[in-house]
Amino acid sequence: MSFTSLGLSAPILKAVANKGYETPSPIQAQAIPAVLEGKDVMAAAQTGTGKTAGFTLPLLELLSKGERARAKQVRALVLTPTRELAAQIAESVTTYGKYLPLRSAVVFGGVGIGPQISQINRGVDILVATPGRLLDLYNQRAVSFSQLEVLVLDEADRMLDMGFIHDIKKILAVLPAKRQNLMFSATFSDEIRTLAKGLVNNPVEISVTPRNTTANTVEQLICPVDKTQKSAALVQLIKQHDWQQVLVFSRTKHGANRLAKSLDAKGITAAAIHGNKSQGARTKALANFKSGEVRVLVATDIAARGLDIDQLPQVVNFDLPNVPEDYVHRIGRTGRAGAAGKAISLVSSEESKLLADIERLIGKTLPRTEVAGFESTHKLPETDLTPKRHGQNRGPRNAKPNASRPARNSGGHNRNDDKPQGNRDGQSKRRSGSADKPSTESQSHNKSPYQGKSEHRDGNAPSRRRTRRPSAAQPAK
Ligand code: AMP
């Protein structure tokens, strides 16, 4: 199949050809015709599948036909959970729409609102936004939706994880009822299905990746390492393989800072990217990483969401994520769009239960190898993948009880090295990181039990309930 058969016009095909894309990815092949037909779409697709072009290309096509956006009006709204993802999508809109006379803009928090107001004032055909800043703009009457034709909800699962459900509901309430809706989510939990019910009408359902499976272009490896040896083992791996560009995941912001500093001290250029960094610092770190000036980018989960680095060859999990689905997202940073990639996880015995959860989620055990000179002194138990009856212990065989790990659905947190954060009492589901929230909510949020501790809250602390199961990760029927 080629892009020409999908119903896209010459200016868009030219922009696609400029990017060097030859064939549409599976999600593009399915989503583009459906969107062009004006249908609602509900797609289970992870990042790395080409989903951005999957909705951006037909959006541009549709919008190139109708009446242009009037002052303060938006014709298509793309909602995304993080600033990085918003910036990334906006870049794609600009790239794919460069031969069309359409106006687009991107709005997110952490930067001045003034220029955003002036941009929207002229009217924008496509607005990419994070929910908090969009509500701020709406409350200031800087934006109006009466001309809105299409709504795209991207990474809906992550939106809910980050506690954006109320913001999304507020936004939905002010949009015209008659509109086309496109919803993308890597996973489909019950919460997502509920959200979808009130959002999409008779949608075309698309599922391009078997749910919660890892891209098979990514070679995955577990390296059992003692916790105290991880930093030195990482240095050895970087040197031994001569990795020139490696994205390293850290569970916490402080961990990310510490690691970046220690790598730098060993002569390996590194930068950290997380929710405590200013937008400017994050943009700079990413640009330096992309240009090769910085060899290692240490990121928390939230900050890494939306990073699209072409041909990223290597991902390292310095810590395993608390939420197994995040593992799938993390390693999806490499092996993108069919390119080969490698993901290595440094796993200490304290993380055996996290590893077991991941291996159960992806339905396979991962190969293991020791890092020479850093062989672990504590045994990492093998995961038993055989299904257990309800109520039975789901931990790995021989695993010691992991005191630092909360029980499922407890709403608690595993904070191995940082301060407790978020949602202990279930009051706030919002995660910080690069997420935005409207200023009014920020104020009420500051009155939360976490007042005064917010600088310790990490953008990637899982504040969601751990209710997802692989079986729930399918588009709603
Ligand atoms: P996404 O899943 O939208 O984040 O896209 C992942 C990566 O795939 C991006 O780097 C895109 O530039 C690239 N990409 C998207 N569509 C195609 C295509 N049809 N052929 C090759 N690369 C693509």
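Just so you know, the numbers here start at 1 and follow the chain as drawn.
A Cβ is built for glycine as well, from the same backbone N, Cα and C atoms used for every other residue.
Taken from TrEMBL, the feature compositional bias 'Basic and acidic residues' applies to 376-387, 414-428. For 440-451, the entry in TrEMBL reads compositional bias 'Polar residues'. Residues or ranges marked as domain 'DEAD-box RNA helicase Q' by TrEMBL: 1-29. The domain 'Helicase ATP-binding' annotation in TrEMBL covers 32-206. Marked as domain 'Helicase C-terminal' by TrEMBL: 233-386. Sequence annotations record features per position, and here TrEMBL assigns motif 'Q motif' to 1-29.
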Determine how many residues of the motif 'Q motif' (1-29) DSSP places in helix, in strand and in coil. 18 helix, 0 strand, 11 coil
Over the domain 'Helicase C-terminal' (233-386), what is the model's average pLDDT? 87
Over the span of the compositional bias 'Basic and acidic residues' (376-387), count residues by DSSP class, listing helix, strand and coil in order. 0 helix, 0 strand, 12 coil
